[in-house]
Structures are given as C-alpha cells and as structure tokens.
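Novice: Let me give you the structure first, and then I'll get to my questions.
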C-alpha cells in the first residue's frame, strides 16, 4: 500500500512499503526542487541507524547519475501511460489554482515525518537487516529510477481530489456564470421586451393621439360644415324672408295703389255726380229760359212769317255754304236792350250758382279727403295677410286682338225758324248745329232756314252719309286719294286739303273757334261743338243697357264697357287690364315713375291730377272746378282745355295711342 502524505510544495516526500509476506520494507523517498537527495531513510530489518546513515550519502551520490532503466516493465508502462494525462491535469490545475493554495502544500511537504519513522523502527530485526540492506541496495537503484515517476503519480493522486474539487468549483462557477449569463440574458430579453413593449405602447399612444387628432379634425370639419350649412340655411331663410317681405311690400304697394285708384275713381265718380247734378240744375234753368225765349221767338216769328220769302233748297251736287244774313227790323234796338239785360241777369245768376257750386264742391272734396285719410290710416293699422299663389311662368299669355271700330259722330241740325217772306232771321234764334259724317267739315253753320213750329233734329249717321255720297263727291275723293296732301312739319299725308289745314292748326297753335260762353278756344269746330254741350247740357248719346245719356260718343263707348266687362287695354309690365285708355296711362306711371303734373308755384311734380289739385289747394290756396273750365287767374284760360277738347274730337285717338 502506498501512503500519501498531503502535498505541501513542489518538493515531495513519499513513503512506500514493499515486501513479501515475511518481510517488510520501508522506503522513504524525497524529491526536492533542485534535484538533491533528501534526508529520507530506508529501513529494512534490524539494521542500525549508523549503517543507514553511511549508505545514504552513497545512494545520494549515485542516485542522480543513474538512469531509471532497471525499473520493471509494468511500472514504467503505467507511468508512461499516465504521464500525458497527469501532465495535462497538472498544468490545468496549476493554471487554475491560486498562489495562496500552493504555499501551504509546499510547507506541508517540507515538514519532517517522525511519525512514519517511529512506526518502522519496532519492526526491524537483526536478522533481517542484511537481507534488507541487500534488497535496499537493489531497490534503492530501482527506487531511484522510479522516484520521479512515483513522485508524479503521488502528486497526481494528491492532486486528483483537488482537481475534482476545483473542477466541481469550476463547474459550479461555470454553472453560476451560465446561470448569471442566462439570468442576464433573461434580464436583457426582459429589458428588450420591456423596451419593445414601451415602444409599442408609445407607438400605440402616438397612433391613438393621431387617431384622436384625426377624429378631432373630422369633428371640427363636421362642425364647420354644420355651421356652414346652418349659415347657408339662415341665409336662404333670410333671403326667403326678404323675398317674402319684398313681395309683401310690393303687394301692399299694389294694394295701396289699387286703393288709391279706387279712391280716385270714387272721388271722380262723386265729383262727376256732383257735376251732373249741377249741370242738371243748370240745364233745367236753361230750359226754362229757352222756353221763355222760344215763346217770345214764336210770337215774333208769327208776326214776321208773312214778310219772309220761302227758303231755297240747295242742289245735291252743290256744296251748301251757310252764312248769316243781316235783317233790318224796327224793334231791333229794343230787342238788343232786352237781350243785354237778360244776358246780364243770366250771367249774374250763373256766377252766383257757380260760386255756390264751387263752395259746395270744395267742402265735399275736403270731406272726401278726410274720409280717404281716415280710411288709409285704418288700412295701415290693419294687418295685411298675403296669400302667395304659384304662377306658371311658362304659360303663354293670350293675345288680345282689338278691332277698333270708329264711332261715327252724328250731325245734329237745329233748324232755325225764319219769317215767311222777309228773308231776315230773327236775332237770338238758336243757331243750327251741324255734325257731318267722318271726312266732312262744316265750313259755316249759320243758315237761314224756313220757320217751323218746333226745333227739329236731323241726324245723319256716318255709314248712311258716306254711302249716300253723290257721284261728284266720290270723284273728288278719288282725285284726292290720287293726289294726297302732305304736312310739311311731320310728313303726315291727307286726302283733302281741308284736313291738312285742320291738321296744321295743331302745329301752329291756332285756336280760331272760341266758345261764346266761357271764351275757350279750339283748333277744330267739332271740338267746339262737343264743348258747347257742357254749357247746354245736351246729351244725345244714350246707353242701350241703362238709358244713361252722354254728350260724347267716346264716353258712351267707355260706359258700355262697364256693362259688357270688356277691358281691351292691358299693361305690358304686370298684365293688368283696363276698360279706359286713360286709366292704363295713369297706371303705367306707377311702373315708369313718370310725374307729368308740375306745380307752377313751387315746381313740385306729381303723378296724378288729384295730387296736384290737393297740393295747390292745401299749400297755395288755389282750387279749380272740374268740368266747368274755371282756372286760376294766373294761368291761361286754354291751359287744360285744348287737350281735352282735342281728345273729345277724336274718339278713337286715345285708343290708338294706348295700343
């Protein structure tokens, strides 16, 4: 058995017991770092210590020089097989072992081992010392040869547990390192995962923020769109309200205009009624006066019938010229004086009546104006509810074709009774009023005709008169058509020279025909005749529906439209229709804004005649009576009369102008 002491340093001490069953041999080996022999002793048998001490120097001197050749083959092979692995282990252990662990091993090896020596000494006997010495000699050589190998083996055996421990430690350290590395890797992985999670969370937060921003932007856009839509709806509502307000205002204006027109018409009707009443009164008075005059004239005519010659009848082909023939009478001066007195009385009575009528008219007009103002205030206070009805704009308006048929004025002849044989007409007798068919002009209307019992009226209608033309007159008319006369001012052509002369009076302003009652002048005699009917109260044109009478045929035509409902005059702007052209002209001023009536005192302009009259009466203290031809003293007498007279003369002219 080998006893292995704990190694302390590179110098190793080994003890080896070799012997047979009968003998024991103790061999101490010591290996130093420098290769010198150690103080170990070989004990075998009962030899003394001195022999051992003597042999030791020899062994020491001889042992290093001898090679280890005589070693057994088995031990050398084992040593050689174990050397490479042991060397590698030693090198690894030496590299891995720290220096503080090597120093105590070296110290343990250098310590003496007295315990082993004390155990070997009791076993030595005297008989065995020689054999032991021989064996020792033999074995010393072998021991010297095996000494380094044994040392190596001993070292290897000593180092194996340490190596195992160190390997275990290393393994543990490696495992710890691996565990640490694994933990670190896990920590790193966790950190990376955390970082990834943090990054993902940040990305998610960013995406959420972006989504929130997009949602906010979308909400803002939606809000803006809603606000814009609300604004558009509000604008549309405002526009609709404005349109409704404008339509309401327009309708209110139209209603006001219609009301004003109705009020004006009412005023005009009331004024016309008043005028008619006044005219009726005047006519009654005039009839009474005429009856008195007729009685006087009949008496005078009865006295003079015997003195007058029979009247001469004109030929058909010759034109009749009526002239006044002077008559000499003895009582002419007396008759003239009586006439003058009667005329003065009549004028005074007329003036008084006219003043009274003017006062009455002014009072009635003031009352009517007050009533109108009250009605307007009431209408303004009342709420006007308007109902809008859809109108088809694409509907075609019906075309109204008007066929104007000229109304032929009838010629009325008042035959003046004349004396039987004297040939002189009675002064003061009513003059004959002649109204010719269209195209004919009465040059002179005064003619001495035979006396009759009562004044007769001879009516010559237009178509019958024109159809009953003589061949000579028809020839003259044809020649006039072939040679028409043309006006040098406006270029208008006429078939007769008399028509041209009458037309030229409109350019020159001549008014040769004057009224004997009021002194008003006219350019045409027919206009004077129609004007004189105002004074005489004559109304030859009767309505076939209501038996109402009129002094002019145009007035009869206009009146008959109230029964038939005909409204031939249509407004081109709004389509409203009227039965009278003057109403259409007055209505069109609301569209055009025309103000034709100018105040001569202040220059203010007005749209309607009623407005300027009210203005003059309220501000300037002036007034005029309608239909009587009375004007202010500062204005000329023929300011408004000619236009009306000319309109009355040409019945179809206003209709043509309106169309």
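Including glycine, each Cβ sits where the backbone N, Cα and C put it.
OK, Swiss-Prot features for this one:
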| type | residues | note |
| --- | --- | --- |
| REGION | 29-144 | region 'Disordered' |
| COMPBIAS | 87-134 | compositional bias 'Low complexity' |
| COMPBIAS | 135-144 | compositional bias 'Basic and acidic residues' |
| ZN_FING | 485-507 | zinc finger |
| ZN_FING | 513-535 | zinc finger |
| ZN_FING | 541-563 | zinc finger |
| ZN_FING | 569-591 | zinc finger |
| ZN_FING | 597-620 | zinc finger |
| REGION | 638-659 | region 'Disordered' |
Novice: Would you list the DSSP helix, strand and coil counts for the residues of the zinc finger (597-620)?
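Specialist: Counting residues by DSSP class gives 12 helix, 4 strand, 8 coil.
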Novice: May I ask for the residues of the chain that lie six or more residues beyond the zinc finger (597-620) and have a Cβ under 8 Å from a Cβ within it?
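Specialist: Apart from its flanks, the zinc finger (597-620) reaches 264, 267, 362, 365, 369, 586, 589-590, 634-635.
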Novice: Tally the residues of the zinc finger (541-563) by DSSP class, grouping H, G and I as helix, E and B as strand, and everything else as coil.
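Specialist: Grouping H, G, I as helix and E, B as strand yields 11 helix, 4 strand, 8 coil.
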Novice: So how many of the residues in the zinc finger (569-591) end up helix, strand or coil by DSSP?
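Specialist: Output for the zinc finger (569-591) reads 11 helix, 4 strand, 8 coil.
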Novice: Which whole-number mean pLDDT does the model give the zinc finger (569-591)?
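Specialist: Mean pLDDT for the zinc finger (569-591): 90.
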